[in-house]
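A short worksheet on the structure shown next.
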Amino acid sequence: MSHFFAHLSRLKLINRWPLMRNVRTENVSEHSLQVAFVAHALAIIKNRKFSGNVNAERIALLAMYHDASEVITGDLPTPIKYHNPHIAREYKKIEKIAQKKLLEMLPAELQEDFRPILDDSQHTEEEISIVKQADALCAYLKCLEELSAGNSEFNLAKARLEKTLAARHSQEMDYFMTVFVPGFSLSLDEISLDIPD
């Protein structure tokens, strides 16, 4: 018997942004799906507009599982995780152990199929970069949504994420920011005005 998917189903019980007041609580499961949507879009944009040659479906899959180890480690708040290089290094080691534990939960005959997804040492630098861009973008979008709902608690997080996005800058991210991000600050009525008949 394998408890792999029973564990993954518990990602919905792990709340993100645990130290901050949230107008709407976000869990790791829904965050992972949004990161998969955005990473897939970034990969397609890269391929179509900027002469990229990445596997958009694989990148979406990597993004879907990018926080899977948190079902074992929990979600450590970013300011703590990156407080200093020593903590960041040690937490990375903990994530590797959690990835290995997750993989070992699978039946032996399935482990080699999941290893390239769960073991981030088997991801290319380009794949990692796109998933990290999508992850940061989704955190930024969460800040915009919270700020639009009147929650000033996310002001500093938004400023920090703007720096992160600038550091991870890419043409596909610029395109996504220009074309898709403005809608996240609008109301349902405002975004519904553009729906074709």
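Using the three backbone atoms N, Cα and C, a Cβ is placed for every residue, glycine included.
The record from Swiss-Prot ties Arg16, Trp17, His31, Asp67, Asp75, Leu76, Pro77, Thr78 to substrate, and of the options Asp113, Asp119, Asp120, Asp135 it ties Asp135 to that site too. Under DSSP, the residues of the domain 'HD' (28-140) split into helix, strand and coil as follows: 90 helix, 0 strand, 23 coil.
DSSP gives Arg16 (substrate binding site) a coil state; it is part of no helix or strand. When the Cα of His66 (divalent metal cation binding site) is compared against those of the binding-site residues Arg16, Pro77, Asp135, the shortest separation belongs to Asp135.
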